[in-house]
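Scroll down for the structure; my scribbles are underneath it.
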Amino acid sequence: MAGKSEPLADLSVAYTMDKVPAADWLVAAPVVWCILLGAILLMLRKRTDIQPLVAIPALGILVLMTFALLAHVIQNGTVTMTMGRWLPPFGISFTVDLLGAFFAATSALVALGAGIYGRSDVDDTGRRYGFYPFLLLIMAGILGAFMTGDIFNLYVWFEVLLISSFGLLVLGSERKQLDGAVKYAFLNLVATTLFLVATGYLYGLFGTLNMADITVKASELRGTAPLMTLVTLYLLAFAMKAAAFPVNFWLPASYHTPRLVVSALFAGLLTKVGIYALLRILGMLFPFEREELSFLIAIAAALTMILGVVGALAQNDIRRSLGFLVISGIGVMMAGLALGSPAGLSGAIFYAAHSMVVMTALYFATGIGARLGGSFELTSAGGLYARNAFLAAMTLILFLSVAGLPPFSGLWPKIMLVKASLDIGAWWLAGAILVTGLLTTITVGRIWVLAYWRPAPGEGPATMVPASLSAGATIALAGLVAVTIAAGVWPEPVMALAQDAARGLIDPSAYVLSVFPVEASQ
Amino acid sequence: MEPIFAILVGAFFTVAIYLFLSKHIIRVLMGAAILGNAVNLLIFTAGRVTREVPPIIGGDSDALSDFAANPLPQALVLTAIVISFSFFAFLLVLGYRAFQELHTDNSDEMRVAEPMAEPSPPTGY
């Protein structure tokens, strides 16, 4: 059919017949793998005994894939793969730079932990309701969001992870879960709709959705187009996803209701996708507008961290306390975004990765503690140290890490952020970070003293029986704790990675070059 | 044409936000449905509203004519419709299940997850 007439346009600029290099398939592989395995697990829905045996190795392979991708990106720089032979900006591109690859690898690690922990935490009913398929599909959404180079595609991945998170949240349909899920679902729907509104405007202004293309065109359109409105909309949408004050109330309303492994996964990964989107859109695509908004972001960041930790201090339920600590951590990351300097952004990136690992592990530890005969209520919990000293030690390490005390991974990003704020004279932002650290230490110290150190109320030390942990839970917890210790005592590689990733955001020329190799070399 | 659509989109947003302010889940649900449509219309308008040739390549050529409409916003709207529809379906079921379990659709009374009389954490060892 084609070729009967002279082409009206030069088609060589629109698509290519070149083969995709084999290494580039690595870009799409993690997402394809997750969706494929999600589908297979859905078919195995009723074989609850086989599900973990398929899902856990699959998540292990996913970790290998994402680390291979990270190694590939470190070695060769940003990689781009455009779907269906179209050339960017016509085709949908997956562009993985250091930031995306780093977050993808960390989140795959966390998901593997959740898969292993879920083996003992999710019973047959939960598995029949589809815990493992949802786990794989939510990973598809999260990894897709970290890797895509197209802003509408980012929206689609947000929806993929959101709909899977609904499924995970109501797993079991208990009364509490339905209540939490109603609030979670509506407020997240509003956030993604705002994201879509902003994307609609963006397409109207730019006529393109490719992030590299937008980065180039933003400097031309600045001054004539209402970019400030656009960026403010994006800020609101992603701040809502990330649970920044004052749009954070869906998080403490819902995060303590689902099964513990689900809470752990959400606390580790979901809000960080919001932070990633903020870093990508505000940090890379619209740096000038971010600069204008930086004071607003800084105030929101300071309020988020302080009010988050004060909320944590006021809770009796340990899970709710941890939910507020997640919010407080988001404030610290937002502070890095507000600073916008290389040191600030790299601090935010490092802190996000630290928070993914540590918050997930903390929920695991809390769940194991509750199963060992303690309780989620601080008033009635106690005696966990006597029951299992290993668990108490692991939890203490995580508590110190989340509070930002040495020698664990929470210390370094906080130092980077405090130093970056003092460098520009924002003493109040540095002060907020430090006060948050102090209040966090008090909060987690109190939880540890009450739930772990003191004997259980109404029980003498003599009646306390030591209890052992299940193998899966121990592996998941100890693995994540090992990561936080390793990143704490040997931070240079992670710090260098975060700094390179931040540099890639501030100077996106490598990102653009990866998407438009021909145009840039002319 | 665009100003009319802009006003329409604005009206849709107004209605959606008004409904969202209600305490009753059923109204919030209707707000969600209208909000989804407001955004779809917005994207449709952002891609210019014109009377042009549909973006179909005829059998005798292999590229679009210069006067063809922009097909991308239509693709975006199509995706957004599918997503907002499936979301609405899920929320409808969720709202109904919550009503069955909690015996209320008033969000003020939905306090199972966050009880009003929660005990304070212990102040002493």
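Note: Cβ is positioned from N, Cα and C throughout, glycine not excepted.
Look at TrEMBL and you will find A:150-440 tagged as domain 'NADH:quinone oxidoreductase/Mrp antiporter transmembrane'. Look at TrEMBL and you will find A:25-44, A:53-74, A:94-117, A:129-148, A:184-206, A:226-251, A:260-281, A:293-314, A:321-343, A:384-405, A:425-453, A:465-490 (among others) tagged as transmembrane segment.
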Does the transmembrane segment (A:293-314) make contact with the transmembrane segment (A:321-343) through 3 or more Cβ pairs under 8 Å, each pair 6 or more apart in sequence?
yes
To the transmembrane segment (A:129-148), which of A:25-44, A:53-74, A:184-206, A:260-281 is linked by the most Cβ pairs under 8 Å?
A:25-44
Out of A:53-74, A:184-206, A:226-251, A:260-281, A:384-405, what stretch is closest in contact terms to the transmembrane segment (A:465-490), meaning most Cβ pairs under 8 angstroms?
A:384-405
Cβ contacts under 8 Å made by the transmembrane segment (A:53-74) with residues that lie 6+ beyond its boundaries
23, 26-27, 29-30, 33-34, 37, 40-41, 44, 96-98, 101-102, 104-105, 107-109, 111-112, 115-116, 119, 132, 135-136, 139, 143, 497
With pairs restricted to those 6 or more apart in sequence, evaluate whether the transmembrane segment (A:321-343) and the transmembrane segment (A:25-44) have 3+ C-beta pairs under 8 Å.
no
Between the transmembrane segment (A:260-281) and the transmembrane segment (A:94-117), are there three or more CB pairs that fall under 8 A, provided the residues in each pair are separated by 6 or more in sequence?
yes
The answer for the transmembrane segment (A:260-281), taking Cβ pairs under 8 Å and residues 6+ beyond its ends, is 99-100, 103, 107, 110-111, 114, 117-118, 121-122, 131, 135, 138, 142, 145-146, 151, 154, 158, 161, 165, 168-169, 171, 211, 231, 234-235, 238-243, 251, 319, 322-323, 326, 330, 333-334, 337, 345, 348-349, 352, 355-357, 359-364, 366-367, 370, 505
